[in-house]
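Chemist: Per Swiss-Prot, NADPH binding site is recorded for TRP11, ARG30, LYS103, ALA136, ARG251, VAL275, GLU277, and the stated evidence type is sequence analysis. Swiss-Prot lists LYS103, GLY132, SER134, LYS187, ASP240, SER250, ARG251, ASN252 with the feature sn-glycerol 3-phosphate binding site, giving sequence analysis as the kind of evidence. The active site, proton acceptor annotation in Swiss-Prot covers LYS187.
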Amino acid sequence: MRIAVFGAGAWGTALALAFSARHDVVLWGRDAGHIDTLAATRHNERYLPGVPFPEELALTADFAAAARAADLHLVVTPLAGLRAAVGELNTLQPDTPLIWACKGLEAGTGKLPHEIVAEELGPAARCGVLTGPSFAAEVARAMPTAVTLAATDPAFARRWVPALHQPRLRIYANSDLVGAEIGGAIKNVLAIAAGVSDGMGFGLNARAALITRGLAEIARLAEALGGRPETLMGLAGMGDLILTCTGDLSRNRRVGLALAQGKTLAEILGELGHVAEGVSTAREVVKLAARHDVEMPLCEAVDTLLHDARLGPREVVEQLLSREPRRE
């Protein structure tokens, strides 16, 4: 089988490496110079240093050529690039099955990835999302990982879970696209909160409380949007949240750690050199929650910290801790 992976960042490269063990894979990148470097060195030193490419992995900067030769399209761009990529794929190869592996809410619209895809491809498109607790560096090194392939059409999952599943990249099927995507989006916002908490030295009790109460926020919003609570108890919810809030490979957690040190958001993003989806997602989560009358105090606190220069981490934390007690 031929798979085209669109996006030569850390996660796109990691998935291309993983799937090349069983399939013919071509990795597409927008920057032709970057792709030339990958082809010459057979490494992605910018995003995944120290991980060599197998001989079988093909590389290209020709979007159309990659799309037309594939049996499966896998879009692994930042969320901001999903709409354009899917729209172009629809023009080139409208009937090719599609999986995306980006998380968040679209800036300006607040739409989940599957809503973006439906607008570009139509509601009957054969598609799904690959999500769950997975650091690219570990997947690229074939360290054991488990993720979810969520698709509303059970036949899609039956076709692609066995095709992509591997002993060290275990893939589980789920039919709850909303729950899976809400879990993947909001965990990035909560990881910023966890980084702030740890960076301020609040300890393990505080981190456990933050993760637990954060999971409750995710579940409330997912249910309001039609998602299933049990999805949030699985890989796409609890699993992804725990990993992102506790693992120092998490870019969003590192944003929170740096905020706790007093750095400005502009300084942090400049030093990071990668996209931290939680930064843009925080504002959209708060707006989405307000539209559905869902209380999300932790996400609101992160949004305030990111976008209100008048308040620093300590002031935002004090506001949270001064909230009235209530039923769990």
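Note: Cβ is positioned from N, Cα and C throughout, glycine not excepted.
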Chemist: According to DSSP, which of helix, strand or coil covers ASP240 (sn-glycerol 3-phosphate binding site)?
Modeler: helix
Chemist: Within 10 Å of each Cβ, count the other Cβ atoms, then let me know which of the binding-site residues ARG30, LYS187, ARG251 comes out lowest.
Modeler: ARG30
Chemist: Can you count the other CB atoms that lie within 10 A of the CB of LYS103 (NADPH binding site)?
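Modeler: Cβ-Cβ neighbours of LYS103 (NADPH binding site) within 10 Å number 27.
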Chemist: Within a 10 Å radius around the Cβ, which one of these binding-site residues has the most neighbouring Cβ atoms: SER134, SER250, ASN252?
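Modeler: Result for the most crowded candidate: ASN252.
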Chemist: What number of additional C-beta atoms lies within 10 angstroms of the C-beta atom of GLY132 (sn-glycerol 3-phosphate binding site)?
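Modeler: The answer is 26.
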Chemist: Could you work out which of the binding-site residues (ASP240, GLU277) has its C-beta surrounded by the smallest number of other C-beta atoms within 10 A?
Modeler: GLU277
Chemist: What's the CA-CA gap between ASN252 (sn-glycerol 3-phosphate binding site) and GLU277 (NADPH binding site) in angstrom, rounded?
Modeler: 7
Chemist: Using only C-alpha positions, which one of TRP11, ARG251, VAL275, GLU277 is spatially nearest GLY132 (sn-glycerol 3-phosphate binding site)? These are the binding-site residues in the record.
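Modeler: Closest candidate to GLY132 (sn-glycerol 3-phosphate binding site), judged by Cα separation, is TRP11.
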Chemist: I'd like the number of other C-beta atoms within 10 A of the C-beta of ALA136 (NADPH binding site), please.
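Modeler: Neighbour count, Cβ to Cβ under the 10 Å cut-off: 22.
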Chemist: Any idea what the Cα distance is from ASP240 (sn-glycerol 3-phosphate binding site) over to TRP11 (NADPH binding site), rounded to a whole Å?
Modeler: 15
Chemist: Which residues, sitting 6 or more apart from TRP11 (NADPH binding site) on the same chain, put a CB under 8 Å from its CB?
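Modeler: Within the chain, TRP11 (NADPH binding site) has Cβ neighbours under 8 Å at VAL76, ALA101, SER134, ALA136.
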